[in-house]
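The structure appears below as structure tokens.
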């Protein structure tokens with residue numbers, strides 16, 4: 001019996017501690033209309049529907065050198081009280097098919113001046129790729145974005161001191 005690749009998924013969870021207060025980190029992270037503020041793989045972003053709130057759809061152009069040119073993404077949830085956002089990739093010319101992520105931000109346990117950001121995702125494993133290859137690719141992108149968010153947040157936090 002042949003296993004269908006259609007339902008073969010993988011996922012991961014990445015954690016980033018940021019030396020900046022939750023309110024600052026969330027103010028950057030929650031901007032669905034401006035991911036290029038910290039996601040350095042994003043060249044441009046335009047909302048094709050909505051105002052940046054739940055249900056909004058954005059068209060993202062990716063910087064050259066990556067194995068993609070664009071991505072279409074939907075904001076499924078944005079909770080400013082719980083500091084949670086969920087995004088689905090609904091189109092594009094890349095290998096992250098049926099990518100769904102949940103990002104949460106919390107005050108760090110040891111000090112209110114730090115924030116912990118947790119991003120988890122699930123994505124289809126493309127035909128011809130392994131779970132390990134797909135997870136490694138997605139982890140690299142998500143990890144780089146979280147590190148970039150940390151750098152920007154920490155730079156802004158230190159400017160405010």
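Cβ coordinates come from backbone N, Cα and C, glycine included.
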Matching range for Swiss-Prot feature annotation, motif 'Gate loop', among 54-58, 59-63, 64-68: 64-68
Three-state secondary structure, which DSSP defines for residue 98 (abscisate binding site): coil
DSSP state at residue 69 (abscisate binding site), helix/strand/coil: coil
67, 87, 130 filtered to the recorded sites whose C-alpha is within 10 Å of residue 100 (abscisate binding site): 87
Separation of alpha carbons, residue 87 (site 'Involved in ABA binding') and residue 119 (abscisate binding site) (Å): 11
